[in-house]
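Below is one structure; the comments refer to it alone.
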Amino acid sequence: MFLLYDYDIFWAFLMISSLIPILAFLISGILAPISKGPEKLSSYESGIEPMGDAWLQFRIRYYMFALVFVVFDVETVFLYPWAMGFDILGVSVFIEALIFVLILIVGSVYAWRKGALEWS
């Protein structure tokens, strides 16, 4: 039987966790001093006059390298639960993990051939 009152703690937690950031933004917006001037609107506020434009164009290789790193780093995290439960899960899960690792290897070779792993 599905009872909604079992979820009272969940809804209370959800409302409180939603209310705290909203209140923090409202209070900071009310209490924060508002002073806009040329120094406040400049690109940098470190005391040094900015030289040149603040908008620099970066090469796409940096983003591709970071994206490939994040994808393969996150994917290897999925192998940890398999390793911890290897003795319980059996051969079928080992085969699934092997297929998963093969897909990772194919993706790594593809990224390597496309030049996404080259820094220069």
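Backbone N, Cα and C atoms are what each Cβ position is placed from, and that goes for glycine too.
Copied from TrEMBL, the annotated features are:
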| type | residues | note |
| --- | --- | --- |
| TRANSMEM | 12-34 | transmembrane segment |
| TRANSMEM | 62-82 | transmembrane segment |
| TRANSMEM | 88-112 | transmembrane segment |
Report, as numbers and ranges, every residue of the chain located at least six residues beyond the transmembrane segment (62-82) whose Cβ falls under 8 Å of a Cβ in that stretch; write 'none' if there are none.
89, 93-94, 97, 100-101, 104, 107-108, 111, 116-117, 119
Go through the chain and flag residues at least 6 beyond the ends of the transmembrane segment (88-112) whose CB is under 8 A from any CB in it; none is fine as an answer.
68, 71-72, 75-76, 78-79, 82
